[in-house]
Amino acid sequence: AMALSGDLWAELPAERRIFCSVLLFSWAVYLWEAFLAHRQRRVYRTTTHVPQELGQIMDSETFEKSRLYQLDKSTFSFWSGLYSEVEGTMILLCGGIPFLWKLSGQISGRAGFGPEYEIVQSLVFLLLATLFSAVTGLPWSLYNTFVIEEKHGFNQQTLGFFFKDAVKKFVVTQCILLPVTSLLLYIIKIGGDYFFIYAWLFTLVVSLVLVTIYADYIAPLFDKFIPLPEGELKQQIETMAKSIDFPLTKVYVVEGSKRSSHSNAYFYGFFKNKRIVLFDTLLEDYSALNKEPAEGEDGENEETKSKTKNKKQGCKNEEVLAVLGHELGHWKLGHTVKNIIISQMNSFLCFFLFAVLIGQKELFAAFGFYDTQPTLIGLMIIFQFIFSPYNEVLSFCLTVLSRRFEFQADAFAKELGKAKDLYSALIKLNKDNLGFPVSDWIFSMWHYSHPPLLERLQALKDAKQE
């Protein structure tokens, strides 16, 4: 039977073998992910009492809340993942990609751009594809925000705010995506034999520009950024930054509580121009969720729907400093630079392999393109489908590396004398975000870019005792 199926496989045309391999691998990855998620859901269902080692860290009420939240999220993830896989399979089987390309050609043709204007047709294709993705993803996004996040007290958005946000996101994405794609396609067209070098350099420049302008020009379109007011916290942050030679220029607080009560902090900027951004939900003293609404603020509260009954405790100044000590550890230890280098090496390799494969007509024929080989379609086929096994391996390796970096950043915060405060901050953040501290070992190994809470606390506990 094996020999017979092998003979049948060998007799298939190359394009059919490519198509079947892509489809089979996609389902293999989905089934593996579903298996891991099933193991983790079993942990959520069966771990109903606070484990002994967590007794000092979590109370039973918070433990149960986080268990139910993660169980709901996991169930939602199962159904949305299944839908996504079935949708992708149906698009491939029904020739959705060549159909959309043909439709794009008809639309651009009516606008006076013939088949020779491939870049124009590519942009129409991209616009239609992202619009389709936005529309089909909308019910899932609505359910996630207004059922799951709402049920567990995280959602702060009204329906109007959500749709306004979604439209704004789509428009901003197109304003960046379409010009960048058109320039990339143009570079590939005119680049000659070494186009992959020019294409890689172009994407490198674009990524550096986007990182530079994101927090100053793009993020403020969605959230309000205000400078952290003068005071003890700002002075302490500046002192800590100075002690490790971090070239801090500004500290901002972002009103993340307008959309969600999840908390975060990050830094950005190049060279001698670094800025720190703190979510208001991270700061005990600044979070709108910890404040009773003042009279006359009904209009604002109607939009943000701030739920004072679901107060989030946030972190004290010392704990905020410890969290920042961890984040600045990533910078001091060169993690940010290392991630950029790895990303760009991967990008160069992918463009090089794309240059090798783009001439293979069987790749285009496998996805229904028998007469034309559009560059954009080639990028999509090779980067999304042909590279998918490589992308899975790379993703796992980066997850392992990320966990290693997180431990190192924790150790750096410990060297700054912040072990005790980071210990309590991690517990608070886990509680505020309803993180579930028990996980299946395979699920954790495959998915967690941050080490499990207990492992991080144990490392910090050892540090505290030292």
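Glycine residues also receive a Cβ, built from the backbone N, Cα and C atoms like all the rest.
Unlike curated records, TrEMBL annotations are generated automatically.
So that you can see what the record holds, here are the features copied from TrEMBL:
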ACT_SITE  ASP410  active site, proton donor
BINDING   HIS326, HIS330, GLU406  Zn(2+) binding site
DOMAIN    40-224  domain 'CAAX prenyl protease 1 N-terminal'
DOMAIN    227-462  domain 'Peptidase M48'
TRANSMEM  16-36  transmembrane segment
TRANSMEM  76-99  transmembrane segment
TRANSMEM  119-143  transmembrane segment
TRANSMEM  170-188  transmembrane segment
TRANSMEM  194-215  transmembrane segment
TRANSMEM  348-370  transmembrane segment
TRANSMEM  376-401  transmembrane segment
Other residues, Cβ within 8 Å of HIS326, HIS330, GLU406 Cβ centroid (Zn(2+) site): GLU327, GLY329, HIS335, PHE405, GLN408, ALA409, ASP410, PHE412, ALA413
Spatial separation of HIS326 (Zn(2+) binding site) from the residue listed as 'active site, proton donor' - C-alpha basis, Å: 5
Mean of the pLDDT scores, which run from 0 to 100, over the domain 'CAAX prenyl protease 1 N-terminal' (40-224): 93
Contacting positions for the transmembrane segment (194-215) when only residues 6+ beyond its ends and CB under 8 Å are counted: 176, 180, 183-184, 187-188, 225, 252, 268-270, 275, 277, 343-344, 347-348, 351-352, 354-355
Among 16-36, 76-99, 170-188, stretch most in contact with the transmembrane segment (119-143) (C-beta, under 8 angstroms): 170-188
Chain residues outside the transmembrane segment (16-36) and at least six past its termini with a C-beta under 8 angstroms from it: 9, 78, 81-82, 85, 88-89, 92-93, 362-363, 366-367, 385-386, 388-389, 392, 440, 442-443, 446-447
For HIS326 (Zn(2+) binding site): intrachain residues, at least 6 apart, with Cβ closer than 8 Å: ALA409, ASP410, PHE412, ALA413, LYS418, LEU422
For the residue listed as 'active site, proton donor', the number of other Cβ atoms found within 10 Å of its own Cβ: 26
Long-range Cβ environment of HIS330 (Zn(2+) binding site), under 8 Å and at least 6 residues apart: THR336, PHE405, ALA409
